[in-house]
């Protein structure tokens, strides 16, 4: 008799995705972050659902309702901080996941990669709208500044901004619709994740060597389920430590001040995971140019498969491009730091140099290094 997991219509799909999935035998811990992202998503939906039960999306009561959750709801403070810091964990895992894809040339599976970019944009939109909901000073002014960027679009910009706001400023209508979108988007993300996995399982996983691993595959369960459980335990340990010891470490103190349209905070800045893109936006004096650079800072990832010049897929055997890759990582950390600094000398010039370097490495230096390495290895 065939095992039920292999014959049942629903269990069969789960079996082919998580149990009998043929997986390269040599994938390292950098491949753990896909499953960690899944855990983060489940955690965010679960905690978010409980928060939504007590939250009110009205400008007069939103801030108070968050305070009420933390003070009066059983373990409300825990749910709230798990949700807020869970978002940070989500983005840490996302950045590592994308970074691993860049390092090992996983972007050569174009459908999976493009689906990942769409997912990245969707998660960023969800996180941005979630940041607006507590209706603190940084929530209000962050929403005002970021939505206002759309006014840079020629001809329809101003109309578009007022349409998104639901009025002439960020107000009750804006908060209500942001809450609605913030609630629905994670479920759309779940659907997109399924498509992402569908494309991934069409081609199979890449591996550190970048070579074809068809001749050396092992079942996903028990080998990688055990390996993933270790990753999940470490992630939860890190998250729970953050939540219980320093829950406000990654937040902004200004968000503990209720939103006041008459008083602008000294430094308007988004959450830490958007600072690199915010620094790129600020480094261009022109508004439309800044908005385009902001979008391109993520969209440039879609060009990676077309900019791949080397005959080797992975960077494992390419020391020149490896060096450029780690300079790019350092550059992104620099941009993250700059995004949180005031707009004054020397931060402006550092931000501009780091922004130019970011695009130069991806668009010029890495493709050139690939050709040079091929030449040196006599692979032409």
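Backbone N, Cα and C define each Cβ position, glycine as well.
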Per Swiss-Prot record, range annotated transmembrane segment [choices 263-283, 347-367]: 347-367
Fewest other C-beta atoms within 10 angstroms, as judged across 182, 201, which are the binding-site residues: 201
Same-chain residues near the transmembrane segment (347-367), Cβ under 8 Å, at least 6 residues beyond its ends: 279-280, 282-284, 293, 296-297, 300, 303-304, 307-309, 321, 324-325, 327-328, 331-332, 334-335, 338-339, 341
Per Cβ pairs under 8 Å, the stretch of 33-53, 178-198, 226-246, 320-340 packing most closely against the transmembrane segment (77-98): 33-53
Tertiary neighbours of residue 83 (heme b b562 binding site) (same chain, Cβ under 8 Å, six or more apart): 44, 47, 48, 51
Top partner of the transmembrane segment (226-246) among 33-53, 178-198, 320-340 - counted as Cβ pairs under 8 Å: 33-53
Rounded distance in angstrom between the Cα atoms of residue 196 (heme b b566 binding site) and residue 182 (heme b b562 binding site): 21
